[in-house]
Structure formats: structure tokens, C-alpha cells
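Feature annotation from TrEMBL assigns active site to S22, H48, D144. Annotation source TrEMBL lists domain 'CheB-type methylesterase' at 10-202.
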Amino acid sequence: MILPRRQIIPPRNEPLIIVGASTGGTEAIKEFLLPMPPDAPPILIAQHMPQMFTRSFAERLDGLCRISVREAEHHQVLRPGFAYIAPGHSHLLLGWLNGKYVCELNQGVPVNRHRPSVDVLFRSAANLGGKNCIGVILTGMGKDGAACMVEMRQAGAYNFAQDEASCVVFGMPKEAIALGAAHEVVALKDMAAKVLSCVATRNRPQTSSAG
């Protein structure tokens, strides 16, 4: 099950990028990560993928990107310039340990029929990241991530959803947009630049192009 909704924001200003994807997500994640500079904020990624593929996926991206890409490990400290991909058998959560943000993994029951689940990651980001977080929901079937992206927004995160034209399947982003979770709806080719601009300014706009 998803952790209870319980916002406890650690007392620090540290940007975090929180990403969810499903069908079509492997290529979308690659396109999103390729422009990321070596000093990019830590990036946590929940991609629906079987266990045997997540490590090789991370290794392939690590060889292509300027940032380092890893399969997430339990209690791994988050570092700038690193992206952490949920292992195929585990939920990935944002954690807080000894004064630092960390990856947390658990083998809880599937949520929205998925483990890892985007909703699980997004709720943990709402609970522990709040306004430090920038949420990104990419191409995918179904609605995983939509409800808890609303919670991220309510906790102060600034959220982006991939637009229909650039999605392989406009399911998860569509649901997030319909619920009012996204501040902006963006083409995949522009997503990294938009997110990096948000990180650079640290001045979240108040207007919403997503309604």
C-alpha cells in the first residue's frame, strides 16, 4: 500500500526532480536525461519495468548521459549529478536519513497493479520533499502517479506533464492534467529545458498553462 499522507518537510532547500513513466517511458526518460548537466539535482525515477531489465537500462543510460545513472539501492544518499531508477521488483521512495535525502526501497504490494509504482514515489515526494520537488509525469498507460502528483502540487512542488502529441500513450499525463496536478504541459523535446529553468530560477510561476 502507499504510505500514509503525512507531510514532514526536512529543513533544507535542496531541489529534487521526481519522474514517473510507463509505456514508452524508456525512450522518453533517455530523451529527458540526455540534456541534464553534471550538476543537475538528484533525479528519482519510477518506470514500470520488469526486474531483469532495470539494471541494464540504468547502465545503458549511464553510458549515454552526462549525469550518472544508477539502479537505486536502499538508503543510497542522493547526490547532484545522479539519477536513480527504481529496481523492477521494488517501490522507490524519497527518504530522509541522518540529515540527508536517500533512496528507500520496499517490496510492498503493487499499487495500481505496479511495483514500482509512480504513486508511491510521488506520495513520498509530497511527504518529504514538498516545495523542494519538481514532478514530471511522462508517457504511460493508465493513471499511476496522477493522484499523488496532486498531493505533490498541494505540498508545494511544481509539476510538468508530457503533452499528448509527444506521448506514446497519453494515459498517465492525461489523468494528471485532468486532476489539475500539472502546472505546465510540455512536449518531450522541451521537458529537460523547462525543468532545468525551473531549477535555476527557484521561482515557481503562479500561472498554470494546464488550467
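Heads up, the Cβ atoms here are built off N, Cα and C, so glycines get one too.
Confidence annotation: the domain 'CheB-type methylesterase' (10-202) carries a mean pLDDT of 96 in the model. Here D144 (active site) is positioned 9 angstrom away from S22 (active site), judged by their C-alpha atoms. D144 (active site) and H48 (active site) have their C-alpha atoms 10 Å apart, to the nearest angstrom. Once Cβ contacts within 10 Å are tallied over all protein chains shown, the active-site residues S22, H48, D144 are led by D144.
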